[in-house]
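Visitor: This is the structure I have questions about; it appears just below.
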Amino acid sequence: MTVPNVLAKALYDNVAESPDELSFRKGDIMTVLERDTQGLDGWWLCSLHGRQGIVPGNRLKILVGMYDKKPVGPGPGPPATPPQPQPSLPQGVHAPVPPASQYSPMLPTAYQPQSDNVYLVPTPSKTQQGLYQAPGPNPQFQSPPAKQTSTFSKQTPHHSFPSPATDLYQVPPGPGSPAQDIYQVPPSAGIGHDIYQVPPSLDTRGWEGTKPPAKVVVPTRVGQGYVYEAAQTEQDEYDTPRHLLAPGPQDIYDVPPVRGLLPNQYGQEVYDTPPMAVKGPNGRDPLLDVYDVPPSVEKGLLSSSHHSVYDVPPSVSKDVPDGPLLREETYDVPPAFAKPKPFDPTRHPLILAAPPPDSPAAEDVYDVPPPAPDLYDVPPGLRRPGPGTLYDVPRERVLPPEVADGSVVDDGVYAVPPPAEREAPTDGKRLSASSTGSTRSSQSASSLEVVVPGREPLELEVAVESLARLQQGVSTTVAHLLDLVGSASGPGGWRGTSEPQEPPAQDLKAAVAAVHGAVHELLEFARGAVSNATHTSDRTLHAKLSRQLQKMEDVYQTLVVHGQVLDSGRGSPGFTPEDLDRLVACSRAVPEDAKQLASFLHGNASLLFRRTKAPGPGPEGSSSLHPNPTDKASSIQSRPLPSPPKFTSQDSPDGQYENSEGGWMEDYDYVHLQGKEEFEKTQKELLERGNIMRQGKGQLELQQLKQFERLEQEVSRPIDHDLANWTPAQPLVPGRTGGLGPSDRQLLLFYLEQCEANLTTLTDAVDAFFTAVATNQPPKIFVAHSKFVILSAHKLVFIGDTLSRQAKAADVRSQVTHYSNLLCDLLRGIVATTKAAALQYPSPSAAQDMVDRVKELGHSTQQFRRVLGQLAAA
């Protein structure tokens, strides 16, 4: 009896790469003469248009039940290998099957004409059967599988096909094998749904690379480290056609609901899909009718078989009497006639604080323009904003009494801020706890020109030059002192010789006095800046600068104390070389402290010092404190129009935030890892790209604000580097022979305590950062939290740099330097990825990259701490 050959359909185009291979196009029907011909796994011998050749089997689909009426012989192709008997195995057991017996010409069976996507189930006739496990259809990927090299040698299959155990295609073996000629029906064919003709997927990731995540995956904290949960990274919720899925909690995104569902089935659709505007007892809850995206239509008179009508707008008018299934399908009803409806904060996760329930302004949140008087280009008047203003329209300030009474008439409303705002203290805190605090507002330009009683503020350019000169003076004098005294580990130091000789007394005294003088001059400059900070628009700048100044004051007092001990003790019996060592150890940290103070002043120079005015045609004395209105108006026209005035703490609860659109990026860009010139260049490029963030500034909850303030205090706490007053928790025990010296061990133990204390702060900052990202906070929030992470980790970099300079052992210096450089590189990466995540918000891939960098930083800081502990115990 002649066995007809099975037909196969081409799923992809194929270009022949050898003379023995067939070329075909997608959709061609060809006759399969032999599978795995001559032992070539995956290569089938086929006939197409009268020509025979081998083709890659993974680019074909067997047409079940369809055979070639005119059987085609093997022809000139390679001869088929005779089939071999297959050992008896129970059903469901996978065993290697010889290729010739695994795929053989199919026996004729009775069948009815069916569609191309239905498998036939012939009547079983044998007791054993050979099993071949193949993947089920998955419409997730569209790239054709790679074909194997067209050689005639035995090869291993190019891909392995993992699939669930239920998707088994039972291919009948050869005629000589005691097997069953049967196909098992796949699970999807029995439910009557369409089967997609898509090649099998190799894994949850395709040939084109990793699919970008649809949601940012935040690691969870385990002990002191952070790990990703494996279950979260494998959730592919969008790769199955929706009509094949039952309604469930996964239907939460951008697809309108299906008609005919009950009201309680809409609870999970909480994002971008508005509910249907249905009135009457059978309609949906009116509390859910919020936004302006057209939902699907729900008609009670239609059958439930109709699905997902998209193009009928929702109802806007709510002033008609309620009736059964009454719809208002119109857009032209003014919002003022709409019925007020309560605001449900659970429907909007980005709006953390809802307005009061009795407020009538909660009705039309986004699609109603603000009142006409709220314009940006009109100076504010005496009108106070009403409760219905829900936009970021600047509130009007209360004018000073003399303006309200009409005694002073002045068109320059932006030139000088009212005294009430410039002098009155406020309890409001700004959200950003940056190292710069540079805020651009309508008051910043004018507050620079306010003269402090008794002293004239320096011009901006002169102040910056003086600051650089003072910082350089501190570094130069300290370097001269260290060169004179010499490091304890240096070969040329005064203690490195066999007979230690102290440096000359006069030279040492002059070097110490020079250090004192340089630090004192820098402190005087900083004190003047602190005085200027009381008159800036940033209410927190004075407190931040005062903390930086106090840190430098403590360093200066320590230098003075050690210098006095050195002067009074030299030549006396009580003087020891350790006194000089303490002075040297204290002096080593002075340049770094001066650099931090100078960096802070440099970043806020535009707020602390007076801008250089452009020369005018009038006399030099025209720039007095109280110019006439004409001069003031001309000065306003000569500079750019300032941004709208800020909210006051009494006007709005979000008074903690800056009103400048680019203020958060300006605060964030300068974190002591980037120069001011580079910052100004990149800042201009960023702001020219357009709107970095247009959404309103959300209001933090009380708990988040408390956490933010606590982190700000912890991050601003300076590192204790006074080794002279430190006593170890346990007495120092001598290490093993050939280990660290006592000075290195004491140094490591001292900074190990500092490292552990700062690791706690860093862990808290990372937790708060991950919480902000997981709750989808805007860039204003997560950028501020990332600054806490960066500043906390920067303290560990400072500890590593200090240890690498002061340690004597080469092994300690090399390991500490390695981890310090690693942390510094990670911080640069976090700065770059955070900028990208803020600019591309709400891109999940950019945010995920930022989260991964912070997670890597957490692991590296734990390794740094362990290395310090191991070195101290050596």
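Residue numbering: from 1, along the chain as shown.
Backbone N, Cα and C atoms are what each Cβ position is placed from, and that goes for glycine too.
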Visitor: Can you tell me which of these residues Swiss-Prot lists as phosphotyrosine: TYR414, TYR670, TYR819?
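Guide: Cross-referencing TYR414, TYR670, TYR819 with Swiss-Prot, phosphotyrosine lands on TYR414.
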Visitor: Looking at TYR169, TYR228, TYR266, TYR376, which one is marked phosphotyrosine in Swiss-Prot?
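Guide: Going through TYR169, TYR228, TYR266, TYR376 one by one, Swiss-Prot annotates TYR376 as phosphotyrosine.
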Visitor: For which of TYR132, TYR657 does Swiss-Prot record the feature phosphotyrosine?
Guide: TYR132
Visitor: With Swiss-Prot as the source, which of 409-450, 703-744 is set down as region 'Disordered'?
Guide: 409-450
Visitor: Quick one: which of TYR67, TYR291, TYR366, TYR556 has phosphotyrosine in Swiss-Prot?
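Guide: Candidates were TYR67, TYR291, TYR366, TYR556; Swiss-Prot attaches phosphotyrosine to TYR366.
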Visitor: Counting by DSSP, what is the helix, strand and coil composition of the domain 'SH3' (3-65)?
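Guide: Summed over the domain 'SH3' (3-65), the classes give 6 helix, 33 strand, 24 coil.
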